[in-house]
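Here's the structure, in structure tokens; my notes come after.
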Amino acid sequence: MELSTILRDHRVMYRAGKTMTHTYRIHQLQKLKDMLNRNEKRIYQAIKKDLGKSDYEILMTELGVLYSELDHVMRNLKEWMRTERVKTPTTHKGAKSYIYKQPYGTVLIISPWNYPLNLSITPLIGAIAGGNTAFLKPSEFTPYTSELLADIIADTFEEKYITVVQGGKEVSQELLELEFDYIFFTGSQKVGQIVMEKASKHLIPVTLELGGKSPVIIDEDAKISLAAKRIAWGKLLNAGQTCIAPDYALVHESVKNDFIQALKKELSSFYGNQPMEHPNYTKLIHEDHLNRLEKLLDNENIIFGGEADRENRKMNPTLIDEPSWDRPIMQEEIFGPILPIRSFSHLEQIVDEIEHSRNPLALYYFSENEQKQQWVANNISFGGGTINDTIMHIGTPHLPFGGIGASGIGAYHGYESFRTFTHRKSVLKQTTAFDLSFRYPNSKFGEQIMRKLFKK
Ligand code: NAD
């Protein structure tokens, strides 16, 4: 069926008003949860075929987070849907003010390959909770997971409510020509620009969850071995193919050697001395990606790792010492198991460092000094981050997740997803019991009263 025809069916379904009730939305969220439960085995198999992720990673970063997000949303949805009564100023005497939570209508969700289940279903939870119907376009680079998603979603939901459209960028662009009511895109900055441009044609509101270079800063008073362990974990998760992976490290010069030694130890402790031979160490998505990563290593000072296994599409954890900012490795998002390390001598210096790659999606700061932690949180611009750890801020439904500037527009997770997928519609209910005449041009004392009310 033509995409435009399916979209028309969605609109009919939406306008019939079924998605407006709490009961309906909860029922659909429960169906989504049952769908995941029922198909767990197939989900593990598909993600493994696409990316070679271990069971532990799939549970932690793909499935487990979905169950907790679903439970959190189902528990709170009634409260979030409630029409809010807000204050009314004295200039509007007699009136009452409300905020209604209006679904957008039919939304388009476009997702990337790196967490193919999580990054498709988490926005979908928000879309359903908000009372929308949805199209989902998963990535062409995870064919097994995308096919499975299409299959199980078609089995669970009516096509006119949730539709999975498979395909590559041509299909994505075909979808972007249609007049959706909202677009939620997760992917690269380059494609984010295309999405925003296409959305501007019909003035469609967007959320853009993009990438960028996220720094990890290790200050002189950090607990070095704990920092090294948490950084190694954050970097090796999904073999570095994580939007909020620490992209590069800025280390205080006084602890640099200790940090590198500790990091080498931790990098070898998770998967042994040859991680690329370990079955639980995630694959790189495709050969071009491996080629790009290998090219980034050209002429760099490799102090650890650097080896790649072409046949199995894997690369050992790799450390680069002091690359300059004009090197390709410092110019683009790495998205692989390579960590460049630069040093600094004063904390203020990191502002200039980060300025080279503005608006990071995430930032990690390791220090035992609370004042310095506050300084970093207050003075540096980034989407979100963690003090004394990596990645963990993404795993709570109580924190909005999103970028700033080049790393993204908007946020989601928990309540923020509900907010993203609904319009806060203001309604002022005016009284007819009386009519204050001072606003009318023929009011004798209108100007005087207004001066008083506006305190002029
Ligand atoms: P991508 O931008 O290449 O692709 C994302 C989606 O867009 C895919 O579904 C793809 O089919 C579609 N697409 C690709 N080219 C297109 C085009 N020209 N026109 C229209 N649609 C097109 O991203 P990717 O390689 O799948 O994912 C990696 C990127 O995503 C990284 O930059 C990473 O940082 C970012 N990312 C961000 C988050 C986040 O939450 N902020 C999460 C994961 C990944």
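Any Cβ shown, glycine's included, is placed from N, Cα and C.
A TrEMBL annotation is a machine prediction, not a hand-curated record.
Residues or ranges marked as active site in TrEMBL: Glu209 (among others). Around Glu209 (active site), a 10 Å sphere centred on its CB holds 27 further CB atoms from the protein chains shown.
According to DSSP, Cys243 (active site) is assigned to coil rather than to any helix or strand. According to TrEMBL, the active site annotation covers Cys243 (among others).
Positions annotated as domain 'Aldehyde dehydrogenase' by TrEMBL: 18-427.
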**Q.** Residues near Cys243 (active site) in space but at least six apart in sequence (CB under 8 A)
**A.** Asn114, Thr186, Glu209, Leu210, Gly211, Leu361, Ala362
